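Visitor: Provided herewith is a single structure, encoded as structure tokens, for subsequent inquiry.
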Amino acid sequence: MSPYVLSVLMSSLAIGTIATLSSTHWFLAWMGLEINTLAIIPLMTKTHHPRGTESATKYFLTQATASGLILFSTTINAWALGEWTVTNLNPTSSTILTIALAMKLGIAPFHLWLPDVMQGLNLMTGLILSTWQKLAPMALLVMINHQLNSNLLMLMAILSTVVGGWGGLNQVQMRKIMAYSSIAHLGWMIMILTFSPTLTVLNLLIYIILTTSMFMMMINLLSTNINKLAVSWSKTPTLSALMMITLMALGGLPPTSGFLPKWLILQEMTNQHMSLMSTIMAMSTLLSLFFYLRLSYVISLTTAPNISNSNLMWRVQLKPMTAMPVIIILSLMLMPITPILLTII
């Protein structure tokens with residue numbers, strides 16, 4: 001792809017997200033979401049492979065349906081209340097809008113498009129879809145959090161954490177595993193949305209950091225499935241060890257950064273007398289933790305057969321990614337500065 005075309009598409013992604021984040025009018029928010037959708041579709045099809053075309057088609061149809069629902073709900077709201085302000089919603093519009101934004105994010109039970117779309121993309125486009133594309137819809141949910149149906153959100157959150165853990169168990173493709181990881185993390189975010197939007201934003205921030213570091217390491221190791229992951233230790237031991245710890249962070253094990261949002265969310269849910277929900281969420285995390293542990297086992301304790309006559313392996317020349325060390329450090333060591341993070345957010 002031409003650098004000029006790529007720069008236009010990346011600028012459009014940024015403009016779309018910023019337009020949605022800064023909007024107080026529903027039509028401007030919808031327009032930002034549309035710019036986002038239209039800008040990423042050429043990035044999906046740049047590989048000129050049938051899988052990329054299939055992913056772009058599935059993504060476009062899902063996002064177009066969600067955008068139609070957003071327009072429908074905001075039109076009903078303007079008809080009922082006589083205004084297009086983002087912060088004022090009637091109950092019917094709120095329910096339809098929640099479903100539409102859940103479709104855009106890939107929250108269960110509207111998640112079925114996400115693993116298939118992710119599998120057809122290259123790793124860099126998958127990184128954008130998993131991180132940047134979550135910002136605009138999640139920002140809208142945070143802006144209208146006090147008008148959302150909490151029972152509907154809790155139902156979708158429980159479904160997302162269970163489906164995200166259950167669906168990733170039998171996967172061997174890294175992109176599908178990251179898609180199910182995204183679904184499970186989104187469940188944690190929307191569970192606490194109506195009670196503490198600050199924790200939702202914190203969880204989103206840490207999820208973006210963890211997912212970015214994971215995708216950067218996958219890009220450097222050229223790992224798209226478990227078999228390719230198995231040979232990474234003999235090529236780049238340091239990066240493989242860091243990937244193993246990052247997987248533990250995604251699973252939410254202390255003292256990594258991934259433990260921080262889960263701990264705070266469970267504490268807040270207990271304060272809200274939601275003991276049953278807290279137990280279900282914590283138990284469903286064990287499903288996700290199982291396949292993260294399996295990947296760590298593949299990285300550390302299994303190696304592919306050495307088919308060469310030499311005992312020495314060629315080292316992989318790492319791609320120059322200046323941000324990767326910083327992102328990896330942030331994904332592993334944010335626990336000590338928890339109070340500062342909460343104060344800033």
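For all residues, glycine too, the Cβ spot is worked out from N, Cα and C.
Predicted automatically and left uncurated, TrEMBL annotations should be read as such.
Copying in the features that TrEMBL gives for the protein in this structure:
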- 23-287: domain 'NADH:quinone oxidoreductase/Mrp antiporter transmembrane' (DOMAIN)
- 289-341: domain 'NADH dehydrogenase subunit 2 C-terminal' (DOMAIN)
- 59-82: transmembrane segment (TRANSMEM)
- 94-114: transmembrane segment (TRANSMEM)
- 150-170: transmembrane segment (TRANSMEM)
- 177-198: transmembrane segment (TRANSMEM)
- 204-224: transmembrane segment (TRANSMEM)
- 236-254: transmembrane segment (TRANSMEM)
- 274-293: transmembrane segment (TRANSMEM)
- 323-344: transmembrane segment (TRANSMEM)
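How about a rundown of where these features are and what they're close to?
Guide: Within its own chain, the transmembrane segment (94-114) is flanked in space by residues 33, 58-59, 62-63, 65-67, 69-70, 72-74, 76, 134, 137-138, 140-141, 144, 147-149, 152-153, 156-157, 159-160, 162-164, 179, 182-183, 186-187, 190, which lie at least six positions past its ends and keep a Cβ under 8 Å from the stretch.
Beyond the ends of the transmembrane segment (150-170), by six or more residues, the same chain brings 95, 98, 102, 107-109, 111, 115, 176-177, 180-188, 190-191, 193-195, 277, 280-281, 284-288, 290-291 to within a C-beta distance below 8 angstroms of the stretch.
Non-local neighbours of the transmembrane segment (177-198) in the same chain are 102, 105-108, 111, 114-115, 117-119, 126, 130, 134, 138, 141-142, 145-146, 148, 150, 153-154, 156-165, 167-168, 171, 204, 207, 211, 214-215, 250, 261-262, 265, 268-269, 272, 277, 281, 284-285, 288, 291, 295, 342, 345; each lies 6+ residues outside the stretch with a CB under 8 Å from one of its CB atoms.
Listed as Cβ neighbours of the transmembrane segment (204-224) (distance under 8 Å, sequence separation of 6 or more from its ends, same chain) are residues 123-124, 126-127, 130-131, 134-135, 138, 173-175, 178, 181-182, 185, 189, 232, 235-236, 239-240, 242-243, 246-247, 249-250, 257-258, 260-261, 316, 318-319, 321, 323-324, 327-328, 330-331, 334, 345.
Long-range contacts of the transmembrane segment (274-293) within its own chain (CB-CB distance under 8 A, at least 6 residues past either end) are made by residues 154, 157-158, 161-162, 164-166, 168-169, 171, 177, 180-181, 184, 187-188, 191, 247-248, 250-253, 262, 265-266.
Listed by sequence, the residues of this chain that lie at least six past the ends of the transmembrane segment (323-344) yet keep a Cβ under 8 A from its Cβ atoms are 198, 202, 206, 209-210, 212-213, 216-217, 220, 242, 245-246, 249, 254-260, 264.
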